[in-house]
Amino acid sequence: MTATGKPSPLYEVHHDLGATFTEFAGWTMPVRYSSDLAEHRAVRQAAGMFDLSHMGEIEVTGSQAGQALDYAVVGTVSTLKPGKARYTMLCAEDGGVMDDLVVYRLAEDRFLVVANAANVTVVAEALTERAARFSGATVTDRSAEYALIAVQGPASPEIVRAVCDADVDGLKYYSAAPAQVTGHDVLLSRTGYTGEDGFELYCAPDHAAEVWAKLAEVGKPHDLLPAGLAARDTLRLEAGMPLYGNELSREVTPFDAGLGRIVKLDKEGGFVGREALAARAGRPDEKALIGLRGTGRRAPRAGYPVLGPDGPIGHVTSGALSPTLGYPVAMAYVDAGFREPGTELQVDVRGKQLPVEVVELPFYRRS
Amino acid sequence: MTVPDELRYTEEHEWVSAGAREGTLRVGITEYAQDQLGDVVFVDLPETGTTVTAGEPFGEIESTKSVSELFAPVDGEVTAVNEAVTEAPEVINSDPYGEGWLIEITPADPAAVDGLLDAEAYQKLIEG
């Protein structure tokens, strides 16, 4: 199988490690190195290192950058202090989710918006269009200027502490600070998508291989493993984190996804999608994003119908045999009447019916 | 990637060898297939006595990331099933040509196996 997407700046490194590649959002990225289960476990028990260079980085700068972003996304970012980050979403006029984002305030007049690889163009265009009414805000797609390496897992603070000069212990969750690794500037952020403590290091593509090598070397005695997109997906699923294209899409609002709390309806100056989202907030839920627990080894998968006593009530958005828990887990959108934990439902696996039970999200929470 | 000379192959990445009993064929998936799938976590195999048709699915194999069908290499009847892989599917990753075999078939036409790919042709297929 030959992947034909854009290679990551770390492609050669992955190739030398014997990675299996996949095409993802137009990029050729490592799906696994040896065993996705081993990589998953490494992140839960020690540490794993991911290449996320496919993610998009868009800068919004200027004296009105904060105001422009407040108007463009559903959350309030203008109140962030420099060095802090926030999870938010970009919605369409009708309230549909265009992407989920992490926004960093790097300086008073400088924000970095991190978008999913598949949505970079959409996000950059929407931000540019929405910022146009603010003379003091400029939007620039800087994706090509950033590589991104994540180190995730309980051993990650020790590893990161050993490679850089930053105050790692003082760096709180959803904070970022400039740091140096092997003499190169990085933006060190305490964020992740695995349900573990962890860090993300943004650096120049030309420096990525050196930063990766240093982390690998320092991480070795801590049982750090390089980890691919397959492990990333099962990790985020166990942690109940939504994935754009699965749980999030133009067809759902943040409220449908159970993330209504990130929508700041009352913020000053309004925002794109406010009217539709305010109306949605005032209506009872029609559907709900829920967790499902199965039995045996066969997992409900994305797209499989979920059945109630009288037929279809929704569909699975993500599912896998949970490597940590040992039983199948899935997320699904169902009619809101079936959302209560303990409700017994079925998943239709091409004609065969699999019993499942509604459970609270997340499936896994670190202790 | 190992492609043993003595086996026959399908374009769907199954291998075929002589079965344990005279006149039967043993079927598994290739090393290339297990590598592409990733860690196998579930396998659904037919019961003995099931009739299978060349090119049609006889079972399913699931990895962490994906669900794939298993395709019968020839027409025939299932005469043995490797229950050990149902219990411990990871053996398909660790020993795809040995302990990780899936089923044995008594072919309707003993000569049908000659129509499958030889090792050289299969090697070419996976090298693309």
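The backbone N, Cα and C atoms fix where each Cβ goes, and this holds for glycine too.
Just so you know, TrEMBL annotations never went through curation; they're auto-generated.
The average pLDDT computed over the domain 'Lipoyl-binding' (B:24-106) stands at 96. Taken from TrEMBL, the feature domain 'Lipoyl-binding' covers B:24-106.
Cβ neighbour count for B:LYS65 (N6-lipoyllysine) (all protein chains, 10 Å cutoff from its Cβ): 21. Residues or ranges marked as N6-lipoyllysine by TrEMBL: B:LYS65.
Using DSSP to sort the residues of the domain 'Lipoyl-binding' (B:24-106) gives these counts of helix, strand and coil: 16 helix, 34 strand, 33 coil.
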